[in-house]
Amino acid sequence: MTDSTPEAGAEGEFTPVKPQESELLVVTGMSGAGRSTAANALEDHGWYVVENLPPQMLTTLADLVARTPNSLPKLAVVVDVRGKAFFADIRDSLNTLAASGISYRVLFLDASDNTLVRRFEQGRRPHPLQGDGRMLDGIAAEREILALLRDSADVVVDTTSLNVHELANQVTGLFSDSGPVVLRLTVMSFGFKYGLPVDANYVADVRFLPNPHWVPALRPHTGLDQDVSDFVLIENDANEFVTRYVRALGPVLEGYRRENKHYATIAVGCTGGKHRSVAVSVELAKRLAQLPRVTVSTKHRDLGRE
């Protein structure tokens, strides 16, 4: 927001070390407009986020970061302005940053009065400036206090018509340099005899496949061994199942991206988690890794338990 050149200050003044290596974003706005949602979206895309920082501590934090280059390349500070005293603090802090040559941007989140009232009522919480009066009185007071800050913000996002996923996507688009959302998938094999994985988003049951356990030569081996993998995938045509399953997961994964979901676990289960589920999981992970904007890891939860 600022490109001011710092002046030599007297002893005890705020004089950060240059050059500044970190990107500083100040997130503020109306209560109920989505500051926490914005903070979560930024954190998911590599920002170090400090929430509910008292405005008077902003310069101290910025100075600390400036003195440790590359420690926090992207720092977002969520400032909660409650009352005229705090507004004076943030105004003074931002002026100090500007005078000291520290560049920053301000993201201001706003929403209509009716939307803010509805959100507070849904959360069954009072507005922080409401006191003993009406909620609309508190909103009006906050809007008056923040008017100048809103006018000087680098980016103003009106969240009136946005749900949490849409807001997160908009913030990500504005302040993320990492490109399209990459979905991190974990393909996990498991044995039903040991229970379902509690963190699985999807579960595939491959107990319909012939069990290598009943083949004496294969019983001591696992689904990581080539002979077991060939038995499961080739001799019994599990490849067709994997092909259809990947095809079915395609629109699901795309929907996850639209909803700003970054992680998903796909579990594949057989009886003991040793043969069939392991072989199928390895092949499934290979196929999923070929999809765009996807990274895949495998985990064999119950391998070695028998």
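Glycine is no exception: its Cβ is also placed from the backbone N, Cα and C atoms.
Positions annotated as ATP binding site by Swiss-Prot, on the basis of sequence analysis: Gly29, Met30, Ser31, Gly32, Ala33, Gly34, Arg35, Ser36. Residues or ranges marked as GTP binding site in Swiss-Prot (evidence: sequence analysis): Asp80, Val81, Arg82, Gly83.
Sequence features annotated in Swiss-Prot and their locations in the structure.
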residue: Gly29; record: ATP binding site; Cβ neighbours (10 Å): 28
residue: Met30; record: ATP binding site; Cβ neighbours (10 Å): 23
residue: Ser31; record: ATP binding site; Cβ neighbours (10 Å): 22
residue: Gly32; record: ATP binding site; Cβ neighbours (10 Å): 23
residue: Ala33; record: ATP binding site; Cβ neighbours (10 Å): 24
residue: Gly34; record: ATP binding site; Cβ neighbours (10 Å): 26
residue: Arg35; record: ATP binding site; Cβ neighbours (10 Å): 22
residue: Ser36; record: ATP binding site; Cβ neighbours (10 Å): 14
residue: Asp80; record: GTP binding site; Cβ neighbours (10 Å): 17
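For the pair Ser36 (ATP binding site) and Asp80 (GTP binding site), the Cα-Cα distance reads 11 Å.
If you take the Cα of Gly29 (ATP binding site) and the Cα of Asp80 (GTP binding site), they are about 8 angstrom apart, rounded to a whole number.
Put simply, Asp80 (GTP binding site) is 11 Å from Gly32 (ATP binding site) when counted between their Cα atoms.
DSSP classifies Ser36 (ATP binding site) as helix under the three-state reduction. Asp80 (GTP binding site) and Arg35 (ATP binding site) are 9 Å apart (CA-CA, integer value). Here is what falls inside 10 Å of the CA of Asp80 (GTP binding site) among the binding-site residues Met30, Ser31, Ala33, Gly34: Met30, Ser31.
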